[in-house]
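A short worksheet on the structure shown next.
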Amino acid sequence: MKQLGEEHPLISTKRPRAKKRRSIAICAAVLTLIAFGFIRFVPKDILAGGWYEGEKDGLSALDNEEVRDMQTDGTTFELKHIFHRGTGSHNYMVHRRLDVTKEYLEAHSEELEELTTMQTSEVDESNLQDVYDAYDWPQAHTGKNPWTIKLQIRQSPTNGVVKRLKERHTPNFLDSYLAYALSVKGNPALLNKIELEWEDEHEIPIPDVKDRDTVVSLATISSNAYVKFPKDDKEKKRSDWIDVGDPWVPDENHTDINFGWADDGLRGHVFVSTDNKTVVIGIKGTSGAGLIGTGPEETTANDKLNDNLLFSCCCARVGYMWTTVCDCYQKAYTCDQDCLEKELMRQDRYYQATLDLYRNVSQLYDPSTTNIWVTGHSLGGALASLVGRTYGLPAVAFEAPGEMLATRRLHLPQPPGLPKHLENIWHFGNTADPIYMGVCNGVSSSCNVAGYAMETACHTAHQCVYDVVTDMGWRVNLLNHRIHTVIDDIILAYNDTPPCVQQPPCRDCFNWRFTSSDDNKNDEPPLPNPLHPKPPSTVRSSNMPHEQSPNASRSLSSLCTEPSCTSSFQSVSPSFSSQLPSHPSQNPQRCLRRTWYGRCSKWGHNSAAHHVSSI
């Protein structure tokens, strides 16, 4: 018979194991509840990383109801249209639209797969040619197709204040105003006589530039505008494009004008929210030959021409070996202002193309019921700022060159009484980008070597600058201008967006003199020359206290009403007039002889100078 104490060891060894199993089960249940609560109640933006991409992008844990909420709350944007406006002497009348529909995507599925493969290939950043030829798509969107990507863009919790022209959408109104402003050279006194009708100040929705994920999505739209598709010649000529301008007629004299994906012009990629209440236009930037910070494309020649027009002091006249892009250069550091302004306003230039691009979009989406925002990178960012100021649209630019000089040359309308700090234009840049900072100039600069005269540094409205030189120890390099670098290595590397401050006082091309055809005198007073001092005056008023100037004589005669006063005044006038030179302007004196240190020792007239020289 077993003793009672003999069973105690068996009981004591089993009881702790049972407790351990119960503890593990309780912990597992608690962790499950915590995980469910985290998924259920944590905001969607934290789970989604800032933009919705479907189940493949980390949102498979969300239920179908939450996914539907994200797609219908108006913050999810998809590519719906691509607009093309031709430029150049032959193509500037071309206006086309490509609708990115489900049927179109299915018909071009093979090309889309090839495009996805291109942007996932690795690039050796030590080889500049490989970097230049690379497809510049952000690593944050690796594996996502630019044509089907969905982006999250949030509105700011506080609306922006705007004051816009009432007739801005009336056909030909803005064109006639800009033409008149050009004819009067932006004279405020004359422009104010027009008495333009402005809307009262009111609030409009604006993008939340303080939200990092919204800034990333806007930068992605700017990057999306660089997409090259389709790329083969056969595809370029397919009739998927809709002509939104004059009817397209084949031109036998210009066979390079094809109906389809045009090689020459300006593109705008239009993203639309799921509720169709907000539209974002991404304007394509520079495709630069030899400019590493941009992307390779067919529009290189026109991009370069418009860059040099918008961001140089005078038609890209940097040195005597440069070929200017217009005929406005006169002589050293002297330029024809009227000529410059007319060149910028030409129909085949990018500013007019951007206006037409916006007008074509506004035909599809009524601006009175739809919020239209514009964005772009580099040249596209500057154009977004210009069209935003023209029509009063919120604009977000990335790494754009200084566009203040172009704004003044175009004489864009300025809303009266609206403080500058309320302007809805934001320029995002970094201190290691030489183009944004305005230092990509000089003989040894990369821009100069590639043939770009990027001489402007002043921006309008707000500047939001990432100080990567101080914070990360970066050096100024043209590679830091790439939109791929901006998204992956700068915006996503910071937890917050930089503060947006107003542009401090700034002036471009301060050492240039700009002339006008109707100038009666020099724009600036001539500097004194010690080798050519002024000749002494022929009237010595100090020795003749009774003499009066002609103006004084007229004023005295007007005050004198008595006959005696009139006769006495007339008796003095002849003596005064006899002391004045007969024709002082016809035969001015000049220096005839100088001392060895430059002082004039003898004055005389031109005839006397000829006599002295002949002797």
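Note that Cβ sites are derived from N, Cα and C of the backbone, with glycine treated the same way.
Residue-level annotations in Swiss-Prot identify, among ASN276, ASN495, ASN276 as N-linked glycosylation site. Counting neighbouring Cβ atoms within 10 Å of each of the recorded positions (ASN276, ASN360, SER378), the lowest count belongs to ASN276. Under DSSP, ASN360 (N-linked glycosylation site) is assigned to a helix (H, G or I) in the three-state scheme. Here the CA atom of ASN276 (N-linked glycosylation site) lies 28 Å from the CA atom of SER378 (active site, charge relay system).
Summarised as a single figure, the pLDDT of the topological domain 'Lumenal' (44-615) averages 77. According to its DSSP assignment, SER378 (active site, charge relay system) is coil. Classification of ASN276 (N-linked glycosylation site) by DSSP places it in coil, neither helical nor stranded. If you take the Cα of ASN276 (N-linked glycosylation site) and the Cα of ASN360 (N-linked glycosylation site), they are about 17 angstrom apart, rounded to a whole number.
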